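Q: Here it is, the structure in full.
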Amino acid sequence: RALRLVGGRSRCEGRVELEQEGTWGTVCDDGWDIPDADVVCRQLQCGHAVRAHGKAAFGRGHGPILRDELGCQGHERDLWECPAALEHDCGHKEDAGVVCSEHQEWRLSGGRDGCAGRVEVFFHGVWSTVCNSTWYNTEATVLCRTLGCGDVLQRPSFRHTLPGKMVYLCESLQPSLAHCRWAFNKSAPCYQSWAAGVICNGTGS
């Protein structure tokens, strides 16, 4: 009953893939909707579905197409419990994908390229700034590497101009900031903070 999301920017976004008898396959987008995607997000402990994508939005998968015309109510424990068509007439250009509420993605804005500027995080459907109260070299290094921008040169500060605020605390170099400890819209760690920024030594790819 293994399940994974592939091709996204975090483990909570991507093409839906299921495992059956040791082989990974995909789900067809016929009838693919938010209740179906909700089951995926909950099974992966990624919150709820924000978007249900079709047309191989995260790239075409390989292997068998294991489910088609899914009719989940949204409360099922996994996709195998949902009613589905016995046969499919799909190709991998119709692979289903999902973006879950716990997915986070990052960008740097206002700098000379995509590897410099104010740190902004997309979370729960909105872009927010990051508080610099715990924005140290480790956190900045994790972000530069996640963005393919090399390592940290500087950590400038900016004003908060977006409604939401995120704070990160990384005790070691993690694969992404989402793997560190984080808190969203908690006032205490962001009190009197500035918005975090970073200038990485690489150029945007």
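Even glycines carry a Cβ here, placed using N, Cα and C.
What you are looking at is a predicted structure, and each value in this text was computed from that prediction instead of being measured.
Below, the features straight out of TrEMBL:
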DISULFID  CYS72-CYS82  disulfide bond
DISULFID  CYS170-CYS180  disulfide bond
DOMAIN    3-101  domain 'SRCR'
DOMAIN    106-201  domain 'SRCR'
Q: Can you count helix, strand and coil residues in the domain 'SRCR' (106-201) using DSSP?
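A: Counts, helix then strand then coil: 20 helix, 40 strand, 36 coil.
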Q: I'd like to know the mean pLDDT over the domain 'SRCR' (3-101).
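A: Looking only at the domain 'SRCR' (3-101), pLDDT averages out to 93.
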